[in-house]
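Here's the structure we're looking at; comments come further down.
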Number of protein chains: 6
Amino acid sequence: MAGKSDDLTHLNPEGEVHIVNVGEKEDSRRVAIAEGWIEMAPETLERLIAGDLKKGDALSAARIAGLMACKRTWELVPLCHPIALTHASLELTPDRARNAVHCRARTETVERTGVEMEALTAVQVALLTVYDMCKAMDRGMRIDGVQLVHKSGGRSGTWDRDCQPG
Amino acid sequence: MAGKSDDLTHLNPEGEVHIVNVGEKEDSRRVAIAEGWIEMAPETLERLIAGDLKKGDALSAARIAGLMACKRTWELVPLCHPIALTHASLELTPDRARNAVHCRARTETVERTGVEMEALTAVQVALLTVYDMCKAMDRGMRIDGVQLVHKSGGRSGTWDRDCQPG
Amino acid sequence: MAGKSDDLTHLNPEGEVHIVNVGEKEDSRRVAIAEGWIEMAPETLERLIAGDLKKGDALSAARIAGLMACKRTWELVPLCHPIALTHASLELTPDRARNAVHCRARTETVERTGVEMEALTAVQVALLTVYDMCKAMDRGMRIDGVQLVHKSGGRSGTWDRDCQPG
Amino acid sequence: MAGKSDDLTHLNPEGEVHIVNVGEKEDSRRVAIAEGWIEMAPETLERLIAGDLKKGDALSAARIAGLMACKRTWELVPLCHPIALTHASLELTPDRARNAVHCRARTETVERTGVEMEALTAVQVALLTVYDMCKAMDRGMRIDGVQLVHKSGGRSGTWDRDCQPG
Amino acid sequence: MAGKSDDLTHLNPEGEVHIVNVGEKEDSRRVAIAEGWIEMAPETLERLIAGDLKKGDALSAARIAGLMACKRTWELVPLCHPIALTHASLELTPDRARNAVHCRARTETVERTGVEMEALTAVQVALLTVYDMCKAMDRGMRIDGVQLVHKSGGRSGTWDRDCQPG
Amino acid sequence: MAGKSDDLTHLNPEGEVHIVNVGEKEDSRRVAIAEGWIEMAPETLERLIAGDLKKGDALSAARIAGLMACKRTWELVPLCHPIALTHASLELTPDRARNAVHCRARTETVERTGVEMEALTAVQVALLTVYDMCKAMDRGMRIDGVQLVHKSGGRSGTWDRDCQPG
């Protein structure tokens, strides 16, 4: 249930946007994990996998794009704080059962504010890059299920998707 | 079916990535439309709508973030060509039936290469920004159904999602 | 009076520019407030206010532009240190008495160097954005009185414009 | 007088911001000139001039900062079109009579949209850089009179500040 | 011999920097090729090759970094014009005879100004990335022989290193 | 000799790239010095020196470009951590004996990770800028000997090129 402390914190009392004051918060180790899928035609997936087996370049381009983008999250999302990530990793896994590529990103910092947006941005841009690499053969691909999986650290503590009520 | 001309065009004959040569293509008017959703708890959506009715700032921040990001698509997606957009617009519409906010972006240029990636990037970053604005009250939001709706212009002509087979 | 310690500190003994060494300074809470005006024709201001009352989008675009730009001050101003802002806010207020919009920005960090440049950059880019939004009806607008109002924190302590000799 | 054609063109019929469609416009040679001042204490100006006579580095840093920033105008101002400048120049002139440094920037392109924002951005960032170079000795400096001086090209033709009424 | 037409064209008559006016030039197809080496200890090269044979990721990260950087040349080099590349490719080849990795980049555009700086930037950043990937085992690596190999198009015509005297 | 602890640390056990976890490292004062040369025809060097004596602008543009670029190293090099430099300086010295300009950059931070890449990036971009300033008269210039000279701080301690076995 959304109580008063769960307000849209990026709006000030006049309802105007601002970058939330975190100066009073303490540095703490913060981790976030996000995931998402890009669904595609079976033959697109097979071509992608074949390309990957030969050279690894298509998924590797997407992996690097995601890692580079997550460092720039605060340039893209207006009210995100600039943050110095201490770690980022990202996996892209073809999933034949779902006709999709699964992406999972993990970000970490030791700062006053969390890294959920950084993990989500890594996933979004990695999946966009997969789309770009394959769009000449399949314009109908769809990015789906981009969501936070886990966060820990900071005043709000740990959150796990698996532990949420149904 | 994926034939030879449907190859992963960003890989050269050695399977290495490169920025595809479009120098021989002619300038043409090109349009792309993309869409996506962010699903959230009903009370989050109500708070967002209430905030919007009062000041419009939350959705308006997301709209501007999407418009600004689509101009920088080529900085984020490794093999995208730099492009001078001649138009971009973006709508964010709360959808109570789906407990979601719907985003639809339209981009246009008069250049040698298409603007599908720009429209998709606009949607992705606008939805990320909605996530950021609301995450203090709802970490479980999910970005879904990000996809191309329409493209026209260029050698490959017009593509409409609605006209695709099943 | 400008004494020796008031030198142009961005020049080294050979008169060459460098990014001043702040490694020996301690982290401290630092705040800056800056302001400025954009003056315009009375009918432009009325249109802007009318637009604002309907949807808030014009001033809200300027507010977001200012907030986003202040995070990138160190990319724009050659000798500014990269800095992690812990807070930024920005107000834009139509002022019929002066036929102008007033902008006031507040920035804060807990670092080794001050945030005056960040507050001034927020004001400059917010006012540029107002110009951009209104220029089709009024090319004669003028940006005026962009200045520091207050700073605190750091070795040089607190400075207030109001307390300066006339 | 502000008529219908003088509307706030960045708002669509619903009052929402968008990047105006210029796809129908023709490429044309477009020029803009903007100017502005930064006013300072007389001893600050003398130090700046003395530094300049010795090495030229302080004003030269500001000149380069302004030239680099104007190429990135569209990253800073949300609804500006990305544009390929074909020319940019910028002068900074100490003005002892006014206790100020005067800045004048000229930008040019051959595109579908004007370069007024680029010229104004060059002036704004150059003056910010002068502030940064001198702020250790004079926090009270003020940026004033930033305005368009001239524009030509495009459908709206030539505009000169000197030819405006009163 | 350097005659008058060979001047430092980025300086105006007063010796001040500016972005050269290319508005009068015509669009033409322009190509540039640049190359460079990074020399390293033999065991570093063997590790790099072994890593490459297994997964291709180290050199592939460098290749993508070079391609992404060349699109941003005008952000890095103060007086470069913003340019829309129509093609970019980049090869990295281990060279056991020289204990080095060789990099060769090719850039192309159809614009008013050349792409030599873009090709050189691609090489520089790709080699920097190789350094970054290997620096934990070899800090003594050296980047050498970064140079233009070929350019064509534009008023100054074709230039080939192999055809130069001496 | 390269032992196990000297691995390519940017690859995880699966050989995939990631941004190395430095969260467990402690902040420490870290310094890096890098250098490099750009070799040119004797008459190019004389013109550059003459220009420098008159106005200083060509080398001063390169110096500022290098300082600005080193702050953005993490945007260019995919696996570099974002870092807040506390100091950066850069010298460019014409060297008639070698027909070259020598560049030397020094960077410093108080963080969890080193600043070698930042010093090397400063050198690379400063030398690129010299190339850009002079290319109209000399396309054959060559960038050479870009290398780390010194690093200190962090777990791996001090490294000096002069103390390496020949």
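Note that Cβ sites are derived from N, Cα and C of the backbone, with glycine treated the same way.
Residues annotated as active site in TrEMBL: A:ASP132. TrEMBL lists A:LEU79, A:CYS80, A:HIS81, A:MET117, A:GLU118 with the feature substrate binding site. The annotation domain 'Molybdopterin cofactor biosynthesis C (MoaC)' is assigned in TrEMBL to A:20-154.
A:MET117 (substrate binding site) sits 22 Å from A:ASP132 (active site), counting Cα to Cα.
Summarised by DSSP class, the composition of the domain 'Molybdopterin cofactor biosynthesis C (MoaC)' (A:20-154) is 50 helix, 44 strand, 41 coil. Mean pLDDT for the domain 'Molybdopterin cofactor biosynthesis C (MoaC)' (A:20-154) in this predicted model: 93. Annotation for A:CYS80 (substrate binding site): spatial neighbours A:THR73, A:TRP74, A:MET117, criterion Cβ-Cβ under 8 Å with sequence separation of six or more. Taking 8 Å as the upper bound (exclusive) on CB-CB distance to chain B, the binding-site residues A:CYS80, A:HIS81, A:GLU118 give A:CYS80 in sequence order. Geometry remark: A:HIS81 (substrate binding site) versus A:ASP132 (active site), CA distance 29 Å. Checking the recorded positions A:MET117, A:GLU118, A:ASP132 against chain C with a Cβ-Cβ cut-off of under 8 Å leaves no residue at all. A gap of 28 Å separates the Cα atoms of A:ASP132 (active site) and A:LEU79 (substrate binding site).
In sequence order, A:HIS10, A:VAL17, A:HIS18, A:ILE19, A:VAL20 make up the list of same-chain residues 6 or more apart from A:LEU79 (substrate binding site) whose Cβ falls under 8 Å from its Cβ. Counting other CB atoms no more than 10 Å from each candidate's CB, the recorded positions A:GLU118, A:ASP132 peak at A:GLU118. Those residues noted as binding substrate (A:LEU79, A:CYS80, A:HIS81, A:MET117, A:GLU118) have their most widely separated CA atoms at a distance of 13 Å. Other C-beta atoms found within 10 angstroms of the C-beta of A:HIS81 (substrate binding site) number 21, with every protein chain shown included.
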